[in-house]
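What Swiss-Prot says about this protein:
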ACT_SITE  264  active site
BINDING   195, 196, 197, 198  ATP binding site
REGION    1-319  region 'Ribokinase'
REGION    345-476  region 'Cytidylyltransferase'
């Protein structure tokens with residue numbers, strides 16, 4: 001499956017559920033305690049990270065989406081730390097505060113990148129506290145396209161049926177990261193994302209692929225669900241829907257380092273992609289790629305859009321530079337822009353590459369960090385130049401251009417002008433050689449409307465492809 005990332009910045013997602021603080025104490029271990037046969041950790045590093053539903057929200061924000069967050073917290077230092085943590089990552093929380101219970105905290109003691117001990121500080125929330133959280137979250141449904149219920153069975157989502165019904169009435173898709181043996185509480189949701197262990201708690205032991213699909217279909221019918229994505233560790237993911245064949249997506253993890261928060265990453269990537277307009281198979285493939293990235297990190301972590309783009313480029317077998325397709329270039333260009341690189345673009349036939357071309361391309365490249373050369377296809381050159389042109393096929397022209405040190409990407413276009421492809425790629429600077437006026441350069445108005453610049457560069461006098469061809473013909 002060819003995966004295309006949507007415009008994540010269009011995604012508006014509400015996250016409701018069990019929020020918690022993941023706290024890490026880390027340091028070296030060099031001796032055993034004289035008090036008991038346990039290692040002594042000399043703590044040198046303290047770190048707090050938002051976890052649970054809070055991690056889902058910041059994953060959405062890190063991808064570029066807009067996330068609102070609702071959860072239950074105590075009136076304590078941990079709640080303050082959690083608030084600071086989510087705000088620092090672009091998420092504004094809407095807490096339901098309870099005075100007699102602590103904010104859920106998971107304290108991990110780490111040494112040499114290994115977890116030695118985990119301490120949990122928590123008390124389950126009551127039905128009344130859960131109902132209050134869900135009720136205060138209803139007003140947010142008018143502002144979003146997707147809602148996520150992140151259930152860690154801590155009590156924030158005891159009975160979410162009325163919330164799901166309200167979301168459905170407003171056309172908001174509800175995605176659930178479920179917990180527990182009773183999936184009936186999620187009746188009417190759009191999608192559930194259980195892992196294999198959670199799935200088997202509900203349906204019993206899965207004996208085969210066919211058995212998995214059949215049991216998932218049974219849950220879809222029983223609880224009026226649209227789809228289910230079962231995450232299966234090293235076996236990847238399986239998407240089951242009511243009206244389509246199952247879709248198996250193989251794992252893309254390069255190395256499993258820590259699975260903490262992997263489920264949060266899956267549902268956050270799913271929600272962001274769906275809210276941004278991806279169809280369900282595409283969204284699942286994006287989530288699978290994101291999960292493969294996050295399990296290679298230590299602790300509760302997030303995935304950036306740039307990491308996704310780079311991972312997708314590798315999975316598509318793309319080197320990132322040279323002669324590329326338009327879609328490949330769109331990926332590469334987004335990486336460059338996220339790195340803060342200034343991208344220059346030019347275009348032409350470049351039929352017989354000569355010293356004038358080389359000098360011009362060197363000038364263009366000197367104006368930025370990366371240079372795109374859009375090249376007319378053979379059919380386009382023939383329409384513009386007439387019979388007998390091009391002398392060199394587009395493959396050969398692109399190969400020669402891509403070999404120049406000044407050129408980063410070469411991409412073909414089939415139209416008579418490059419206006420469409422320039423309008424799609426929108427470089428920071430569009431350059432054209434010759435005696436053009438800026439206002440007459442194809443694609444120039446679109447580049448300037450997007451905040452870019454347009455510049456005319458001079459060619460070396462007396463050097464042209466036409467003159468070279470005429471000289472060859474005269475000497476035959």
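Note: Cβ is positioned from N, Cα and C throughout, glycine not excepted.
Feature annotations (Swiss-Prot) mapped to structure.
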| residue | record | Cβ contacts under 8 Å, 6 or more apart |
| --- | --- | --- |
| 195 | ATP binding site | 230, 231, 232, 233, 263 |
| 196 | ATP binding site | 206, 230, 231, 232, 233 |
| 197 | ATP binding site | none |
| 198 | ATP binding site | 178, 179 |
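Within 10 Å of the C-beta of residue 264 (active site) there are 31 other C-beta atoms, taking all protein chains into account.
Those same-chain residues not listed among 195, 196, 197, 198 yet with C-beta within 8 angstroms of the centroid of the ATP site C-beta atoms are 194, 199, 200, 201, 230, 231.
Annotation note: residue 195 (ATP binding site) sits in a strand segment as assigned by DSSP.
Residue counts for the region 'Cytidylyltransferase' (345-476) under DSSP (helix as H, G, I; strand as E, B; rest coil) come to 54 helix, 26 strand, 52 coil.
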